[in-house]
């Protein structure tokens with residue numbers, strides 16, 4: 001195990017948080033001239049222009065650098081009117097005014113399309129549909145809703161649970177991949193991939209709608225409290241409060257800025273709400289409001305739709321936790337910015353795993369890198385950002401807790417397409433690399449700062465061992481003097497490689513820039529999704 005170096009603190013640029021492995025990419029690009037568009041890919045190294053720039057000092061973390069002989073060299077040309085800077089004293093070089101590339105204006109229509117994505121479409125449709133049902137039931141024009149309020153509550157909550165269940169989502173991906181990849185037109189594949197990526201919109205919409213129906217049901221019970229048993233009313237109110245707390249704790253600003261609070265309330269209050277739901281269902285279906293007494297037989301309970309919704313909801317909540325294991329892990333620390341975790345057994349491409357130091361708290365998801373299903377190991381790249389990842393570097397664990405049932409990310413859908421491009425920045429290589437290692441039909445573009453020293457020999461070795469030079473571009477922003485023109489890079493690779501789709505893994509700023517550019521250029525792309 002490598003020794004841990006003192007870690008650096010992540011900074012915030014333009015209100016956007018970056019982990020340390022990506023921070024250098026943006027720090028360097030802010031202080032350096034913007035590079036001109038890419039002129040050619042794969043040209044001989046002798047034709048590359050050397051650019052004198054002022055870079056941050058070399059860190060003492062890992063002096064051995066893997067030779068770049070197998071990596072395509074990107075030759076750059078200066079725009080008309082520019083001159084390559086000649087060597088000058090350091091003081092004069094600092095005083096040279098750096099040219100700034102003007103920010104391209106994006107049309108409002110493109111911004112709206114990216115904002116009103118499939119996630120928000122699902123959320124809007126599900127919420128409005130249920131809202132219409134609640135209004136009709138309150139007006140006495142929805143007989144089923146009036147007679148089966150509990151079923152509508154639990155039906156929505158069951159659907160919400162399914163949309164976040166690892167097993168159910170893996171099942172959907174299997175159907176999509178094996179059912180479509182050999183015959184389906186690209187338009188259908190793109191639509192299905194968008195649905196798979198954005199099922200979280202159904203999760204959010206159904207959870208909120210279930211809470212809405214539950215409020216409606218409790219109001220109805222209180223209105224008829226004269227014929228209801230007190231125990232039914234009390235359990236109903238308690239269930240209502242717990243479910244609402246669980247739903248509110250998952251709102252974006254809570255989840256993004258108070259993750260531990262979100263996890264405690266959404267998980268533990270949600271479990272407590274499930275327990276009281278069982279009590280509410282059993283008591284509510286066992287009490288006969290017409291006779292004002294408890295039923296002695298179980299027929300009415302067993303025939304209730306609410307009971308079976310509760311049964312399946314409980315099963316799907318328990319399934320991932322049944323696979324929970326404490327597993328050994330080896331931690332490599334190639335730099336203070338990154339921890340590389342190695343686990344036993346190989347994995348499919350496009351999967352993500354959740355890990356924690358404890359059995360039930362503070363789980364964090366990371367992309368999985370594996371050479372194949374039969375490989376003896378798989379890896380996770382954890383960029384230093386919050387307290388959890390900083391602790392991985394400062395105090396590397398011997399074991400971690402994880403669910404053996406991994407969940408599928410949108411990258412898992414890459415198996416549907418004939419050829420594609422996987423572009424990533426910084427630690428995004430963790431989610432992207434397996435796809436390009438396990439399939440010869442995917443092209444890797446990795447943009448980062450001081451990649452080989454930051455990520456170490458393990459990740460570099462996997463790349464050079466499994467991906468041919470003509471199938472990858474590794475852009476080191478520190479060595480090359482800044483970020484590339486990513487859209488020019490994508491357009492040229494799209495044409496030369498014959499790609500059908502682009503998958504993007506980046507921070508929010510990089511993701512937005514590339515998604516906007518791809519939509520404007522007519523390139524089919526799927527970016528990083530932040531739940532909201």
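Glycine too: its Cβ is placed from the backbone N, Cα and C atoms.
Caution: TrEMBL annotation is automatic and unverified by curators.
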Pick from 48-67, 68-87, 88-107, 268-287: which range has transmembrane segment per TrEMBL?
268-287
Using TrEMBL as the reference, determine which range in 1-23, 24-46, 231-253 is annotated transmembrane segment.
231-253
Most CB pairs under 8 Å with the transmembrane segment (198-219): which of 122-142, 148-164, 231-253, 268-287?
148-164
As a test: from 148-164, 231-253, 268-287, pick the stretch that has the greatest number of Cβ pairs under 8 Å with the transmembrane segment (307-324).
148-164
Same-chain residues near the transmembrane segment (268-287), Cβ under 8 Å, at least 6 residues beyond its ends:
150, 154, 157, 228-229, 231-232, 235-236, 238-239, 242-243, 245-246, 249, 293-295, 300-301, 304, 306-307, 310, 313-314, 317
